[in-house]
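**Student:** Here it is, the structure in full.
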Amino acid sequence: MTAELIDGVQMSLAVRAEVAQRTAALRAAGIQPGLAVLLVGEDSASHVYVRKKVKACEEVGVRSILEQHDASISEEALLARVKAFNQDEAIHGILVQLPLPAHIDPQTVIKAISPAKDVDGFHIVNAGALLTGTEGFSPCTPTGCMRMLDAIGYELRGKHAVVLGRSNIVGKPMAIMLLSRGATVTICHRATPDIGVVTRQADIVVAAAGKARLLRGDMIKPGAVIIDVGMNRTEAGLCGDVDFESAKAVAGWITPVPGGVGPMTIAMLLANTVTSAEQIALVQKSSTQVPAS
Ligand SMILES: Nc1nc(=O)c2c([nH]1)NC[C@@H]1CN(c3ccc(C(=O)N[C@@H](CCC(=O)O)C(=O)O)cc3)C=[N+]21
């Protein structure tokens, strides 16, 4: 058996086309969606990802502002920049690229972003919204993974989904999303004694542990869906958390790296930014209307 490939590039193009249409409608109404990206320091992977995001914005008609700061910028100065973008009416989304230098607390910075402009979905207000099933921005990577599962027509209800990794930006929100769709969810992490025992029972595995080739074919139930969130830079180049060759011989569906979850993450960022512009436009419209007397 050999797994069917889930093509993230192809799927992300479909999402981008939708976003481009919504952007065109906003522009026709005099609203230009705008994303501010704050990049701190010289991390080379961060520079690669941010360039991809800026380019993707251009391609769908979203204006982007890339603001780069020296790694030595103080937390106070960065917070001031975030607050300036909160006030800026031309900006509908604010993204502070992670990781940040060690002297800056990421939670403090994320907390300073207006939840209405938090297109990463990292603010505690948006995390709480996801947890409670309330409207808010959902984090881009897990949302992109859900879109991929939907695109292959996968019914999650009653299935066993296993998430590898418990980060605030992928593992935890991913588990909540799968749970809200009726899956039975298990989260494995660093302290899980034997991951294979758990993953061999999984109908779906989302690998987001940040460990190259953690999940091998012998740890996968035949026919399972494997979603690889890993972005590990090894001597052999970019590689996921899944050992692709052995996994694809056992799995039913599998996402490649590159060309899987990454492009979907970027597409969801664009979608969130346009949603934010639509919502802010609605608020502005209703506040300028003359109240009926
Ligand atoms: N505030 C914030 N928001 C993020 O969304 C965020 C972040 N910080 N910090 C870093 C991670 C990582 N991330 C990626 C997005 C797309 C690709 C992507 O498109 N990857 C290509 C390959 C890229 C390559 O060649 O290196 C692919 O998978 O096909 C990768 C990584 C977003 N992140």
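We number each residue from 1, going along the chain as drawn.
Just so it is clear, glycine is given a Cβ too, placed from its N, Cα and C backbone atoms.
Found this in TrEMBL, in case it helps:
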- G165, R166, S167: NADP(+) binding site (BINDING)
- 6-120: domain 'Tetrahydrofolate dehydrogenase/cyclohydrolase catalytic' (DOMAIN)
- 139-279: domain 'Tetrahydrofolate dehydrogenase/cyclohydrolase NAD(P)-binding' (DOMAIN)
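Could you tell me the structural context for the features on the list?
**Tutor:** Here G165 (NADP(+) binding site) comes close to G171, I187, C188, H189, A207, A208, A209, G210, V229, D241: these same-chain residues lie at least six apart in sequence, with C-beta atoms under 8 angstroms from its C-beta.
Across the domain 'Tetrahydrofolate dehydrogenase/cyclohydrolase NAD(P)-binding' (139-279), the DSSP tally of helix, strand and coil residues reads 54 helix, 28 strand, 59 coil.
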**Student:** Ten-angstrom check, please: count other Cβ atoms within 10 Å of the Cβ of R166 (NADP(+) binding site), all chains counted.
**Tutor:** 18
**Student:** Roughly where does the domain 'Tetrahydrofolate dehydrogenase/cyclohydrolase catalytic' (6-120) sit in mean pLDDT, to the nearest integer?
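**Tutor:** Across the domain 'Tetrahydrofolate dehydrogenase/cyclohydrolase catalytic' (6-120), the average pLDDT comes out at 97.
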